[in-house]
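Right, one structure below, let's go through it.
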Ligand SMILES: NC(=O)c1ccc[n+]([C@@H]2O[C@H](COP(=O)([O-])OP(=O)(O)OC[C@H]3O[C@@H](n4cnc5c(N)ncnc54)[C@H](O)[C@@H]3O)[C@@H](O)[C@H]2O)c1
Ligand SMILES: O=c1ccn([C@@H]2O[C@H](COP(=O)(O)OP(=O)(O)O[C@H]3O[C@H](CO)[C@@H](O)[C@H](O)[C@H]3O)[C@@H](O)[C@H]2O)c(=O)[nH]1
């Protein structure tokens, strides 16, 4: 089957590549000319483990194409995925201008039946808005389906290929059949396709992200309490996570959640609730706990240096909002950098993949090291902001030789407290004695 994917960012590229991998002919459309040129020439535009190999194979074998022309992309494609940005508008609500703008264009271009699929994260009622935008120009039959995406950056290919579930929101039998056929290769492992109405599918996506963000903020508050009461959050985490009703995952405290999804989606659901005259109290707390958590290491660092950070050289390991990605959207490391530089500290950072993206936004406000150990030379302390696997088992002797003081502030609880004490480090982490 030929399918079109409109928007070739993170989700669009993974979606297009994975559908090509299962034998479909995929045309990806993007308004960004340079991105389309790069991708057409075999240059991948995001860092995502495992994606490049699939991308290059499908490009070479002619199942994956890129264009700036929406008309060319949708020609002969019965299914059109919209993987467009839905950033927060000024009031925090999802900005639908990209989705509805393309819907308007589609209405003008369509000549036959198509299924238009919202893969972007969009508020309840968007499928209906997309339908109206298309129907304003196109009078033939078509369907709009809500098919939210649950992939995580860093493991996106696996998440797409072996999804826990696929949610398809539609009231149309014709669309349901087409979507079911398209997803059949991905759900053979027994993971379900859950069919529902469009509005429930749209809300499912926000509910999933908001629930996960709630878990994280809850654990971050437990970690705060651990610090005050002399308990160890690692023990508490293991103690509660073994209860299947709670589950082991997403209970890791740290320096707050970041990324392109949780912050914006929590905010958008609060806003949607307000529009429906409902005050979503829990989510407001989740958001404010996260804001505080992003700055949680700063008072520890300041207290250690007796309030005087001016002129201190601080090494920072990790800039991406999580490991295995070069994405720095809403990365907690950026909040830390802002706070540290505002106090007059000099930051020298290293990240295995995200430095180029940070250079584009922060330029020479901070310094960049060629590797994790170079960042430490002459530094007064090391701060760890992202749990890249190469940071988990470092050479502590090399760290000790390079740092001016054997001092580590760990925002991701990578090391054992006792081991660090035995190695002679001043070591502070999150929620542990
Ligand atoms: N990033 C994730 O991990 C993830 C996971 C699940 C869902 N989502 C949701 O998916 C959507 C897309 O997210 P993303 O991270 O891929 O966004 P992105 O910003 O990485 O990519 C969006 C792409 O759309 C293109 N675009 C903008 N206007 C266009 C137009 N008129 N025509 C064609 N292309 C256009 C942009 O040039 C860009 O390449 C969002 O709603 C997001 O919330 C993201
Ligand atoms: O126990 C945990 C787990 C995660 N995080 C943080 O939470 C953020 C988000 O992590 P993760 O969910 O792994 O990354 P994303 O790629 O943003 O994926 C989320 O957002 C996507 C976009 O909507 C969804 O598709 C995914 O299902 C959802 O997990 C990161 O800053 C993590 O450091 C924690 O602090 N503690």
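Just so you know, glycine gets a Cβ as well, placed from its N, Cα and C.
The Cβ of residue 35 (NAD(+) binding site) lies under 8 Å from the Cβ of 8, 45, each on the same chain and at least six residues away in sequence. TrEMBL lists 30, 35, 86, 121, 153, 264, 329 with the feature NAD(+) binding site.
Here TrEMBL flags 150, 151, 152, 153, 205, 250, 251, 252, 253, 254, 258, 322 as substrate binding site. Neighbour density for residue 150 (substrate binding site): within 10 A of its CB lie 17 other CB atoms from the protein chains shown.
The active site, nucleophile feature in TrEMBL is assigned to 261. Its own atom aside, the Cβ of residue 261 (active site, nucleophile) has 25 Cβ atoms within 10 angstroms in the protein chains shown.
Annotation source TrEMBL lists domain 'UDP-glucose/GDP-mannose dehydrogenase C-terminal' at 315-417. As a summary of secondary structure, the domain 'UDP-glucose/GDP-mannose dehydrogenase C-terminal' (315-417) carries 37 helix, 18 strand, 48 coil according to DSSP.
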Could you measure between residue 251 (substrate binding site) and residue 329 (NAD(+) binding site) for me? Cα positions, answer in whole angstrom.
22
What span in Å does the substrate site cover, taken as the longest CA to CA distance among 150, 151, 152, 153, 205, 250, 251, 252, 253, 254, 258, 322?
24
Say you check the Cα of residue 150 (substrate binding site) against those of the binding-site residues 30, 86, 121; which is nearest?
121
Should we count any of the binding-site residues 121, 251, 253 as near ligand 1, judged by a CB under 6 A from one of its atoms, and which?
121
Measuring Cα to Cα, how many angstrom lie between residue 86 (NAD(+) binding site) and residue 261 (active site, nucleophile)?
10
